[in-house]
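Input: a single structure, listed below in structure tokens.
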Amino acid sequence: MRRILLSMIVLIFLASPILAKNIVYVAQIKGQITSYTYDQFDRYITIAEQDNAEAIIIELDTPGGRADAMMNIVQRIQQSKIPVIIYVYPPGASAASAGTYIALGSHLIAMAPGTSIGACRPILGYSQNGSIIEAPPKITNYFIAYIKSLAQESGRNATIAEEFITKDLSLTPEEALKYGVIEVVARDINELLKKSNGMKTKIPVNGRYVTLNFTNVEVRYLAPSFKDKLISYITDPNVAYLLLTLGIWALIIGFLTPGWHVPETVGAIMIILAIIGFGYFGYNSAGILLIIVAMLFFIAEALTPTFGLFTVAGLITFIIGGILLFGGGEEYLVRKEVFSQLRILIITVGAILAAFFAFGMAAVIRAHKKKARTGKEEMIGLIGTVVEELNPEGMIKVRGELWKARSKFNGKIEKGEKVRVVDMDGLTLIVVRERKEGGEK
């Protein structure tokens with residue numbers, strides 16, 4: 001009996017390595033490559049390292065992003081103690097520009113059918129006339145040397161890697177596999193694990209070669225947090241620009257309709273989110289400054305109508321500010337289409353604002369013509385709201401228009417109180433506090 005028990009114990013110990021599962025982590029990176037993307041890579045790789053995983057697979061879909069963030073990510077991948085597999089997924093995804101460098105810096109590259117890789121020419125953003133600023137030869141040559149070294153280190157086709165920059169070359173999965181740029185074409189994670197099982201890859205941090213063992217594997221997914229999703233969304237330059245624009249207009253609406261507070265609150269939140277997005281993606285502070293100046297022009301037009309002078313100045317400043325927003329000299333590794341789409345958005349928003357103010361100015365002109373015909377008789381008796389304390393002079397809003405006003409009895413009338421127009425002195429309304437019983441103390 002004792003021999004039987006001992007035999008069973010020995011069999012259990014011998015079987016335990018066979019029963020043990022190889023852990024593979026899967027994480028998703030989607031959107032612009034920013035400094036926050038590096039934080040995601042670092043967090044995901046660290047989790048996999050701590051669990052002594054067989055590998056970590058990063059599902060990548062990106063149009064590119066900042067060069068400095070990309071290089072930090074590549075460095076983190078090459079310092080990893082376990083294999084990092086870049087999987088361009090799902091179908092329709094791309095590892096463009098900065099994404100290509102990240103893929104070439106990984107230990108194994110896989111692509112799903114219908115994806116693409118390549119087009120890595122560095123650009124510097126937008127010029128004042130709206131054209132894309134190409135990187136000077138010195139910077140371009142640096143990135144050519146960098147991408148070739150990444151390809152050579154991993155035994156991939158350095159000539160094609162160079163053409164990703166010099167010819168803005170893009171490849172399908174089948175072409176990339178044929179030219180020795182990637183190792184696997186797979187429809188899903190299961191097919192990727194099956195095809196890459198037994199492949200050898202070099203771990204630069206210790207110089208050793210590792211044979212991937214994806215038999216008896218346990219796949220663990222690292223779901224993106226709410227913060228990951230939010231940052232990924234607002235670092236899209238189109239989204240960040242819209243948030244900034246809508247936020248500014250919400251502040252203007254709140255400024256012109258005091259006492260409600262909702263537009264100011266929503267606008268402030270939008271602007272904060274836009275600033276966070278710009279902070280991760282990179283921006284030109286001159287562009288932000290011009291957009292703020294444009295906002296001041298619009299507010300000035302609303303408070304002291306100049307029949308279009310401040311509006312035109314605001315629109316021109318607003319569009320130039322938007323164009324310069326991404327022309328701060330940072331090296332961007334993104335598809336040119338990203339900046340082209342942004343330019344279209346800036347022009348479209350500018351056109352909408354122009355149309356809005358054209359109709360707005362027409363309404364103001366009609367209102368002023370009407371006032372000129374009717375005189376003060378039409379104003380007397382109207383009820384308004386104090387928007388700037390009368391002590392004895394201030395501002396009130398009557399029929400949705402801002403007017404300079406003066407208390408008839410030189411008393412103080414608080415902001416938010418109702419007043420009645422009793423006379424006019426030039427363009428200044430003479431008012432009294434509106435009370436149920438009438439009169440003013």
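Counting starts with 1 at the first residue shown.
Glycine is treated like the rest: Cβ placed from N, Cα and C.
Annotation comment: Swiss-Prot describes S97 as active site, nucleophile. If you look up Swiss-Prot, you'll see K138 marked as active site, proton donor/acceptor. Residues or ranges marked as substrate binding site in Swiss-Prot: G64, G65, R66, A67, A119, C120, R121, P122, I123, L124. Annotated signal peptide per Swiss-Prot: 1-20, in sequence order. Positions annotated as transmembrane segment by Swiss-Prot: 239-259, 271-291, 307-327, 344-364.
Beyond the ends of the transmembrane segment (239-259), by six or more residues, the same chain brings 233, 265-271, 273-275, 277-278, 281, 291-292, 295, 298-299, 302, 322, 325, 342, 345-346, 349, 385, 387, 402, 415-416 to within a C-beta distance below 8 angstroms of the stretch. Sorted by the number of other CB atoms within 10 A, the recorded positions R66, R121, K138 start with K138, the lowest.
In this structure the C-alpha atoms belonging to R121 (substrate binding site) and K138 (active site, proton donor/acceptor) are separated by 13 Å. Reported as a whole number, the C-alpha separation between A119 (substrate binding site) and the residue listed as 'active site, nucleophile' equals 5 Å.
Residue pairs drawn from G64, G65, R66, A67, A119, C120, R121, P122, I123, L124, the listed substrate binders, are separated by up to 15 Å at the Cα level. Cα to Cα, I123 (substrate binding site) and the residue listed as 'active site, nucleophile' are separated by 10 Å. Among the recorded positions listed (G64, R66, K138), G64 has its Cα nearest to the Cα of the residue listed as 'active site, nucleophile'.
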